[in-house]
Amino acid sequence: MSGFDRRSFLKASMVTAAATALAACASSERATGTTPKAAGKSVMGLVVPKMDEVRVGLIGVGERGIGFVHHFSRIEGARITAICDTDTLVLARAEKAINEYGRDKPAYFSKGDHAYRDLLNRDDVDIVVIATPWAWHHPMAKEAMLAGKHAFVEVPMAGTIEELWDLVDTAELTQRNCMMMENVCYGRDELMVLNMVRQGLFGELLHGEAAYIHELRWQMKEIDRKTGSWRTAYHAKYNGNLYPTHGLGPVAQYMNINRGDRLDYLTSVSSPSLGRAAYAKREFPADHQRNQLKYIGGDMNTSLIKTVKGRSIMVQHDTTTPRPYSRHNLIQGTNGVFGGFPNRIALENGGSGSYHEWDENMDSWYAKYDHPLWTRMGKEAEENGGHGGMDFLMCWRMIYCLRNGEALDQDVYDGAAWSAVFPLSVASVGDRGNSKDFPDFTRGVWQTAKPLGIVG
């Protein structure tokens, strides 16, 4: 048996064994509130052998994914070895960028929806970065892990509770990382607030507020290509919080969710759905496809989450109404509060004035509480860009952890819990706002897991 045939045989054997084990995790249990039996051991705090060089495979290099081409081309110890996209135009753009950086030529794949499997079969890929339309996140991440790769997937991690359980089970069975790349957790402000929380500045935490408020009606004009070509349809199919993780991720880290506390249940309501139909009527001909859709997703969705420890979190979603951008980023404790957009702080003890008034001068707070990671890498992150540097810093940190044998900052349990707001909110809205339980994706490990530390 040749070396190539032997590798193919061993890989196929692993996939078959894994599929058999995963099938034993009853899908009916995954789809309900019942915690399925584990197919492997926990990956909480998973540390994998150090990699001298991290060989990166990229699936999807369009509107979002092209940024990863630039970031990984600039990070020491990372090398892009394979790129897949069904759109030859964006693939050519990625190839041009690689050439301009003077990096080694990666393999390129573009023939058909499943061309990514050719990338997964390569032996020169250690991690797979997935930046595709949402519906592909779950199958691609699962197949990547079954192929022996570590999966890094854009938000949300998956769209149903069953799919989220499937990724948890696959990660545990294969002992591979499956990180949902929540970039906002690497923003300067979010890192600073995490540092403040860990130093006890706000006292005992009580309540958080998170959001994705971002007017995106203009994406409806993207018909055949780009994000709006597939994302618009979600507003005609679901009524709930379609995109919860940008605001929720940082707040969950402040509260040590999955590491001392856990999301317990949520209740969700939506406003009327008016804005997208009105926009379509104004911007498109009467017989245009955008005017043939019935938009059911409320313009504003508000979900309230209760944690096992009794804390509350409000999560909002609005990509339709005309208003300024906001993620809220509010955290309230017994000693005071921080709120974002704009940044402001009020403390009973330790503040510069009365807690009855906001302190909006952040300079002194940055000077004292900037996260060590931002102090170390912030200048380079800002120079390399990506939402103010958070994208570059996230990619840098991923590579750093893999090269130095450290656990990642986000794991499959975080991605599952944060992404679960989407299907649970849809279920709650459809049930007159009645509460829906979060699965315990950690299977109890949250009770003993160590909080996310302050690393530099």
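Including glycine, each Cβ sits where the backbone N, Cα and C put it.
Predicted, not measured: the structure shown is a model, and the values here were computed from it.
DSSP assigns Val155 (NAD(+) binding site) to coil, not to a helix or a strand. Of all Cβ atoms in the protein chains displayed, 21 besides its own lie within 10 Å of the Cβ of Val155 (NAD(+) binding site). What Swiss-Prot lists as NAD(+) binding site is Glu63, Arg64, Asp85, Trp134, Ala135, Trp136, His137, Glu154, Val155, Asn183, Tyr243.
Marked as substrate binding site by Swiss-Prot on the basis of similarity to another entry: Tyr212, Arg231, Tyr243, Pro244, Thr245, His246, Tyr325. Tyr243 (NAD(+) binding site) falls within neither a helix nor a strand when secondary structure is assigned with DSSP, and so counts as coil. Within 10 Å of the C-beta of Tyr243 (NAD(+) binding site) we count 21 further C-beta atoms, all protein chains included.
The signal peptide annotation in Swiss-Prot covers 1-33.
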With an 8 Å cut-off on Cβ-Cβ distance and a minimum sequence separation of at least 6, pull the same-chain contacts of Arg231 (substrate binding site), or say none. Pro133, Trp134, Leu216, Gln219
I need the most crowded of these binding-site residues: Glu63, Asp85. Count other C-beta atoms within 10 angstroms of each C-beta and give me the top one. Asp85
Per-residue Cβ crowding (10 Å cut-off), top of binding-site residues Tyr212, Tyr325: Tyr212
If you measure from the CA of Val155 (NAD(+) binding site) out to 10 Å, which binding-site residues from the list Tyr212, Pro244, His246, Tyr325 are inside that radius? Pro244, His246
Among Glu63, Asp85, Ala135, His137, Tyr243, i.e. the binding-site residues, the one with its Cα nearest that of Tyr212 (substrate binding site) is Tyr243
Cα distance, Asp85 (NAD(+) binding site) to Pro244 (substrate binding site), nearest Å? 26
Fewest-neighbour residue among binding-site residues, criterion Cβ within 10 Å, set His137, His246: His246
Any idea what DSSP makes of Glu63 (NAD(+) binding site), helix, strand or coil? coil
